[in-house]
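A short worksheet on the structure shown next.
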Ligand code: APR
C-alpha cells in the first residue's frame with residue numbers, strides 16, 4: 001500500500017509543529033506549503049534532518065506550489081495570521097477570509113478527495129468559508145477547536161484535583177471563542193462527574209467556575225504571555241489527533257467544529273459538537289442531552305458564529 005500523504009497549508013508555528021509530530025508518528029509523507037518562498041523548504045529540510053536522530057522514516061518536502069498537494073489524504077490548514085495581544089479571534093476575519101479563498105481554491109483544484117482539518121481563526125467562520133470555497137462535501141471538512149479547548153479544560157481540572165491527566169475526560173461545545181461551552185455535567189475524573197466531585201468536597205463550585213472561565217480565555221492567556229503570536233504546540237497536537245482518527249478509521253468521538261443540519265436545533269453552519277471521526281470523515285454528530293444552562297450557553301455561542309458568517313458574506317459576495 002502506498003504511504004499516506006499529509007499536506008500542511010501554512011508552514012508557520014503550528015504548521016511546523018504539525019509536520020514534526022506527523023513525522024514522529026510516521027503518519028505518512030508530508031508536504032509543507034506556504035506562500036512565503038523558502039520557509040516551507042527550509043523547515044522541511046530541518047525537519048528531515050530530525051529523522052536520523054529521532055528514528056522516523058518520513059519524506060518531508062516544502063513547496064510554494066499547490067500542485068504538490070495532489071493526492072493528499074489529509075490536509076491541515078493553518079494559513080493566515082495569528083492573534084497579537086489585545087486582539088480577539090474575530091479581529092482576524094478580514095485577512096484570513098481572503099487566505100481561505102486561496103486555500104479553498106487550491107484544494108478544489110488539486111486535492112478534492114482529502115479530509116480537510118481547518119485550524120485558522122476565527123475557526124467556526126473560517127472552516128465554513130473554506131468548505132464553501134473548496135466545494136468539498138461537508139463531512140470531509142472539519143474545524144479543530146474542541147479537542148484543544150477540552151485539552152485546556154482537562155489540564156486545569158487535573159491540576160485542581162491533583163490527579164493524572166489520563167483520568168480526566170472533558171468536553172467543550174459551541175464556537176471557538178469566548179462564548180464556548182465547557183460542559184461540566186459531562187466532564188469526569190475516571191468516570192466520576194465533576195459535579196459529584198464537588199459534592200464530595202474535592203473542589204468547590206467557585207473553583208470550577210473559575211476553571212470554566214480560564215478555559216474560555218485559554219488561548220488569550222497564551223497570546224498575552226507570548227506577545228508575538230498564539231499557541232501552537234497544543235493546537236498542533238490536537239489537529240494530529242483528528243488526522244489519526246480519520247487515517248486509522250478510529251471512530252473516535254471528538255469535539256470538533258462540524259457542519260450541523262438540524263442537530264442541537266442548529267442548521268446550516270459549523271459549530272463545536274461531539275462527532276464520530278472515521279474513514280468517512282465526520283460520520284455522525286452525537287446529540288447529547290444538555291441541561292438548561294448549557295443549552296442557553298450553546299445558543300449564545302451559535303449566535304456569535306452566525307454574526308461572523310454575516311460579516312464574511314458582507315466581505316465576499318460569492319459567499320452570500
Ligand atoms: N497561503 C498559505 N500560507 C499562508 C497564506 C496563504 N495565503 N497567508 C499566510 N500564510 C502563512 C504565513 O506565511 C505563515 O507561515 O501562514 C503561516 C501562519 O503561521 P504563523 O503566523 O506562525 O501562525 P500560527 O501560529 O501557525 O497560526 C496560524 O492558526 O490558531 C490559528 O489563530 C491562528 O489563524 C492562526 C493560524
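For all residues, glycine too, the Cβ spot is worked out from N, Cα and C.
Predicted, not measured: the structure shown is a model, and the values here were computed from it.
Copied over from TrEMBL:
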DOMAIN    5-143  domain 'Lactate/malate dehydrogenase N-terminal'
BINDING   10, 11, 12, 13, 14, 15, 34, 96, 119, 120, 121  NAD(+) binding site
BINDING   83, 89, 121, 152  substrate binding site
DOMAIN    148-307  domain 'Lactate/malate dehydrogenase C-terminal'
ACT_SITE  176  active site, proton acceptor
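Summarising the environment of residue 152 (substrate binding site), the number of other Cβ atoms within 10 Å of its Cβ, over all protein chains shown, is 25. Note on residue 121 (NAD(+) binding site): other Cβ atoms within 10 Å of its Cβ, all shown chains, come to 29. Here the recorded positions are 83, 89, 176; the one with the fewest Cβ atoms within 10 Å of its Cβ is 83. Of 34, 119, 121, 176, all annotated as recorded positions, the residue with the shortest Cα distance to residue 89 (substrate binding site) is 121.
Residue annotation for substrate gives 83, 89, 121, 152. The furthest Cα pair among them is separated by 18 Å. Each of the binding-site residues 10, 12 was scored by the other Cβ atoms within 10 Å of its Cβ; the lowest score goes to 12. A Cβ distance below 6 Å to any atom of ligand 1 is met, among the recorded positions 10, 14, 34, 152, 176, by 10, 14, 34. Proximity to residue 176 (active site, proton acceptor), defined by a C-alpha to C-alpha distance within 10 angstroms, is shown by the following binding-site residues from 14, 121, 152: 121. When secondary structure is read from DSSP and collapsed to three states, residue 152 (substrate binding site) falls in the helix class. Excluding 83, 89, 121, 152, which define the substrate site, the same chain contributes 82, 122, 123, 176, 177, 219, 220, 223, 230, 231 within 8 Å (Cβ to the Cβ centroid), listed in sequence order. Assigned with DSSP, the residues of the domain 'Lactate/malate dehydrogenase N-terminal' (5-143) fall into helix, strand and coil as follows: 67 helix, 25 strand, 47 coil. Sequence-distant neighbours of residue 119 (NAD(+) binding site): residues of the same chain at least 6 apart with a C-beta under 8 Å from its C-beta are 14, 76, 77, 78, 143, 144, 235, 239.
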